[in-house]
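Heads up: the structure comes next, in structure tokens.
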Amino acid sequence: MDERLLSGESGYEDADLEYSLRPQTLRQYIGQDKAKHNLEVFIEAAKMREETLDHVLLYGPPGLGKTTLANIIANEMGVNIRTTSGPAIERPGDLAAVLTALQPGDVLFIDEIHRLHRSIEEVLYPAMEDFCLDIVIGKGPSARSVRLDLPPFTLVGATTRAGALSAPLRDRFGVLSRLEYYTVDQLSAIVERTAEVFEVEIDSLAALEIARRARGTPRIANRLLRRVRDFAQVRSDGTIAMEITQMALELLQVDKLGLDHIDHKLLLGIIEKFRGGPVGLETVSATIGEESHTIEDVYEPYLLQIGFLQRTPRGRIVTPLAYEHFGMEMPKV
């Protein structure tokens, strides 16, 4: 997959920045009002009852703040957080080691929880339901099962693919919160806050321009801000003004709706070779040289969100809005 400025996935540079910018409380957290207000109630109720919070599943596109919310949940509950990921837990023993190290009330955060192997999920079921762990000691006829008690804990799972979770695992979460794309105003506030942390002056119109092209995603907004800051320092006086912002974003090939060269390649490929569709996913994959799951999980969600692409039983169809964006006429049927 091409290196992509507009990917919602986290890179090493993003991780360092996000840690320094991460809000510590729900009150400081910008956006996701519905999820935030619900979590506020659930956390307060759990604290009033002196209980652990129900297990929480956070799902939605990458870059919307799932890891940040997991850390805030632990902070609001006044407990420690232990972080791991689905791909990092390769064997049941790996999960057992993590679970037995938890202290009472701790939050266990599993990112990409949809990538847990089914055999590991089965170990997780009694841990989530009964706070116990069934482990097998020995092999063959002499093998025996031993049940270990675990301290009460809260599992917070994060996934970009809620549908990929098995039903038994999904049903064991008491709180399910879908994170939505951010509004331009919310992203603009995030950009201005990040600029303040960077100690760089930014024009409010420039912050709005970055926000408009950030695909509804804070991680992308902050990444664009970093790149625009570079242009402002090298090609201007260091202040992020509207003119330098527009110039930088054009040079970075990020158009006014936040589409980049890969989006253009996908949409124009369907328009020019298949008269706008419908065309099957595998055919699109072969045409633009990208794996089908990458197209489905990474490229398409935003195009669907802004109404440039439709998924139908017959295949992908480019919409009139996309034709208009490219200044092209739709073919006559």
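Even glycines carry a Cβ here, placed using N, Cα and C.
The ATP binding site annotation in Swiss-Prot covers Leu21, Arg22, Gly63, Lys66, Thr67, Thr68, Glu129, Asp130, Phe131, Arg172, Tyr182, Arg219. Annotation comment: Swiss-Prot describes Thr67 as Mg(2+) binding site. Annotation source Swiss-Prot lists DNA binding site at Arg311, Arg316, citing sequence analysis. Sequence annotations record features per position, and here Swiss-Prot assigns region 'Large ATPase domain (RuvB-L)' to 1-182. Under the heading region 'Small ATPAse domain (RuvB-S)', Swiss-Prot lists 183-253. According to Swiss-Prot, the feature region 'Head domain (RuvB-H)' maps to 256-333, an assignment based on sequence analysis.
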**Item:** Fewest-neighbour residue among binding-site residues, criterion Cβ within 10 Å, set Arg311, Arg316
**Value:** Arg311
**Request:** Counting Cβ neighbours within 10 Å across all chains shown, tell me which of the binding-site residues Phe131, Tyr182 comes out on top.
**Result:** Tyr182
**Request:** Mind telling me which of the binding-site residues Leu21, Gly63, Thr67, Glu129 has the densest Cβ neighbourhood, counting other Cβ atoms within 10 Å?
**Result:** Gly63
**Request:** Would you mind pulling the longest C-alpha to C-alpha span across Leu21, Arg22, Gly63, Lys66, Thr67, Thr68, Glu129, Asp130, Phe131, Arg172, Tyr182, Arg219, which the record has binding ATP, in angstrom?
**Result:** 37
**Asked** If you measure Phe131 (ATP binding site) to Arg311 (DNA binding site) at Cα, how many Å is it?
**Response** 42
**Asked** Do you know offhand how many angstrom separate Leu21 (ATP binding site) and Arg311 (DNA binding site) by C-alpha?
**Response** 36
**Request:** Please spell out the DSSP helix, strand and coil residue counts for the region 'Head domain (RuvB-H)' (256-333).
**Result:** 42 helix, 9 strand, 27 coil
**Prompt:** What Cα-Cα separation, expressed in whole Å, is found between Gly63 (ATP binding site) and Arg311 (DNA binding site)?
**Reply:** 23
**Request:** Taking Cα atoms as reference points, rank the binding-site residues Thr67, Glu129, Tyr182 by distance from Arg316 (DNA binding site) and give the first.
**Result:** Tyr182
**Request:** Give me the Cα-Cα distance between Thr67 (ATP binding site) and Arg311 (DNA binding site), rounded to a whole Å.
**Result:** 29
**Asked** Could you give the number of helix, strand and coil residues in the region 'Small ATPAse domain (RuvB-S)' (183-253) as assigned by DSSP?
**Response** 52 helix, 2 strand, 17 coil
**Asked** Distance between Tyr182 (ATP binding site) and Arg311 (DNA binding site) at the Cα atoms, whole Å?
**Response** 23
